[in-house]
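Undergrad: According to TrEMBL, the protein carries these features:
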ACT_SITE  Asp10  active site, proton donor/acceptor
BINDING   10-12, Trp26, 45-50, Ser53, Lys75, 113-117, Lys144  substrate binding site
BINDING   Asp10, Asp12, Glu168, Asp169  Mg(2+) binding site
ACT_SITE  Asp12  active site, proton donor/acceptor
Amino acid sequence: MPQISAFIFDLDGVITDTAEYHYRAWKRLADEEGLPFSREDNEALRGVSRRESLLRLLKGKVLPEAQMEEYMARKNAYYRAFLTQITAADLLEGVADFLAQARAHGLKLGIGSASKNARDVLNGLGITDQFDAIGDGYSVSRTKPAPDLFVWVAGRLGVPPAECVVFEDAEAGIAAARECGMYSVGIGDPARVGAADLILPNLAGAQVDHILSRLANLAH
Ligand code: B16
Ligand code: MG
């Protein structure tokens, strides 16, 4: 039976749903600049960095670096205005219970988020102190699907990658977990997270015991 010692959670789309706020912030910028941007377009920004999000929003349009920087700063200011409203009520259903179960199992808990705002989101949710390590958009330079962020978090937790399970809602995040030999649990649409070892619609009602035994039965 494989040993599993840590759970590493993505933030947006797994612990809370900040995707709506990212969408509204990008949409405001796009409207101001006369750039077409829909909710469907926003789905392609899930889990990717701020710069990569802007590149995808620009759909091939090339801008000078200074203008890219200004767009990213403006979008981030709009996004951060939403963050001031975040409270424990914004935890996705089942998350508080799932974290408590994982702790009771003696698992180490980490965050592996692409966001440079991850600490502020966690503080707003009131759960910062539940994690033994927090990896965010400042921790490494290569973003998901590179495995660097999850490897960084595992290092901080003092756990080998092969003993970690990543919970992710984005295709790039599942690819990153697989790349470094971690187990992966995909949260949400199988069209996005179909490459994961296990897929769950969300963490509502999820049982740590059940997940550990299903992963133990996989050839890894
Ligand atoms: P920021 P995650 C990601 O969070 C979001 O899903 C993605 O939409 C966003 O562009 C990215 O963080 C960077 O966020 O602009 O706050 O640095 O899913 O990795 O927790
Ligand atoms: Mg995510």
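The chain as shown is numbered from 1 upward.
Glycine too: its Cβ is placed from the backbone N, Cα and C atoms.
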Undergrad: Just the number: how many Å between the Cα atoms of Asp12 (Mg(2+) binding site) and Lys116 (substrate binding site)?
TA: 12
Undergrad: Select the closest residue to Glu168 (Mg(2+) binding site) from the following recorded positions, measuring between CA atoms: Asp10, Gly47, Arg50, Ser113.
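TA: When the Cα distances are compared, Asp10 comes out closest.
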Undergrad: Between Asp169 (Mg(2+) binding site) and Asp10 (active site, proton donor/acceptor), find the distance joining the two CA atoms and give it rounded to the nearest Å.
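TA: Counting only the Cα atoms, the answer is 7 Å.
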Undergrad: Can you name the residues of this chain that are 6 or more positions from Asp10 (active site, proton donor/acceptor) yet have a C-beta less than 8 Å from its C-beta?
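TA: Correct list: Gly47, Ile111, Gly112, Ser113, Val166, Phe167, Glu168, Asp169, Ala170, Gly173, Ile187.
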Undergrad: Tell me which of the binding-site residues Asp12, Glu168, Asp169 sits in the most Cβ-dense spot, judged by other Cβ atoms within 10 Å.
TA: Glu168
Undergrad: Return the residue, from the listed binding-site residues Arg50, Lys116, with the maximum count of other C-beta atoms within 10 angstroms of its C-beta.
TA: Arg50
Undergrad: Tell me the Cβ neighbour count for Ser113 (substrate binding site), meaning other Cβ atoms within 10 Å of its Cβ, over all protein chains shown.
TA: 29
Undergrad: Same chain, not part of Asp10, Asp12, Glu168, Asp169: whose C-beta falls within 8 angstroms of the C-beta centre of the Mg(2+) site? Give them in sequence order.
TA: Phe9, Leu11, Gly13, Val14, Arg46, Gly47, Ser113, Phe167, Ala170, Gly173, Ile187
Undergrad: Near Trp26 (substrate binding site), how many other Cβ atoms are within 10 Å of its Cβ?
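TA: Total other Cβ atoms inside 10 Å, all chains included: 24.
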Undergrad: So which of Trp26, Ser113, Lys116, Glu168, listed as binding-site residues, have a Cβ under 6 Å from an atom of ligand 1?
TA: Ser113, Lys116
Undergrad: Tell me whether Glu168 (Mg(2+) binding site) sits in a helix, a strand or coil according to DSSP.
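TA: The residue in question, Glu168 (Mg(2+) binding site), is strand (DSSP, three-state).
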Undergrad: Three-state secondary structure of Arg50 (substrate binding site) from DSSP?
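TA: Once the DSSP labels are grouped into three classes, Arg50 (substrate binding site) ends up as helix.
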